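TrEMBL lists B:E35, B:E64, B:H67, B:E135, B:H168 with the feature Mn(2+) binding site. As annotated by TrEMBL, Ca(2+) binding site applies to B:D59.
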Amino acid sequence: MSDANIGKEDYMHSQFKYWKPYVSPFDPCKPILVKSYSTPPQLYMNFQPIGLAQFQSPIQALKHGTLWPQLYSPYPDPHKGVKPK
Amino acid sequence: MYYYEKKLQYPVRVSTCNPMLAKFLIEQYGGADGELAAALRYMNQRYTIPDKVIGVLNDIATEEFSHLEMIATMVYKLTKDASPEQMKAAGLGDHYANHDRALFYHDASGVPWTAAYIQAKGDPIADLYEDIAAEEKARATYQWLIDMSDDPDLNDALKFLREREIVHSLRFREAVEIIKDDRNTKKIFKLG
């Protein structure tokens, strides 16, 4: 797996889910139109498979905060509640 | 059994973006004299109170749940769009650390709600006197909240709630009169 694709939401499951909460015409503060919550990769992995592929180099692993590309999650939401196109 | 009507007992409008008020309002949500404590107290005491006044406790408990919803709406409206920085600036950093923007049953200082706030002594007079005291304390709390809020729309709803506490206090006093009275008994007073 190339480094550029790690954490991209187009592989496997999306890392964040988005929903549009009700917005009242009388909201006192500027409304947040889209809210998000985290659905990290381990949520879809019942048990860590034996021999799960690791990053190529220690530097790469250190940069992502995990040994396994499949368990990398770009926390917090890089889109800050704005749904990516 | 309950039927749920998907509307508030009295409309809640908040016109100024002042998340700090939410920190104070939460006192009436999960505080010792808040709506949750009131609703649960009456809803539980009603079982062992004399038949004549069960309805008073049941009806007031139900209304307190409606008030709980109104307070929740106020708090939610004031915090739902706040950034973590705004929460911190509003004195809600402690809350955000534990709950994000979720509501929780704790008082203005963050002390979680506990059943130790309420009592069911089984003695009807003791229980009703506690209920009267609870209403007066809630009435005072609403006054202190109104004193600190300069939002006219929010204060309108708070004044409604304050008035209801007064009415509840009077109804509980009436309940005491009902159960202490010698109704349906013949009293014979002899002269001379």
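All positions are counted from 1 along the displayed chain.
For all residues, glycine too, the Cβ spot is worked out from N, Cα and C.
All annotation found in TrEMBL is predicted automatically rather than curated by experts.
Feature annotations (TrEMBL) mapped to structure.
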| residue | record | DSSP (3 states) |
| --- | --- | --- |
| B:E35 | Mn(2+) binding site | helix |
| B:D59 | Ca(2+) binding site | helix |
| B:E64 | Mn(2+) binding site | helix |
| B:E135 | Mn(2+) binding site | helix |
| B:H168 | Mn(2+) binding site | helix |
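Listed in chain order, the residues near the Mn(2+) site other than B:E35, B:E64, B:H67, B:E135, B:H168 are B:A38, B:A39, B:I60, B:E63, B:A138, B:L161, B:R164, B:E165, each with its Cβ within 8 Å of the site Cβ centroid. In this structure, the binding-site residues B:E35, B:D59, B:E64, B:E135 were compared by how many other Cβ atoms lie within 10 Å of their Cβ, and the smallest count belongs to B:D59.
Sequence-distant neighbours of B:H67 (Mn(2+) binding site) (same chain, 6+ residues apart, CB-CB distance under 8 A): B:Q9, B:Q28, B:E35, B:A38, B:A39, B:L161, B:R164. Within its own chain, B:H168 (Mn(2+) binding site) has B:I60, B:E63, B:E135 as residues 6 or more apart in sequence whose C-beta sits under 8 angstroms from its own.
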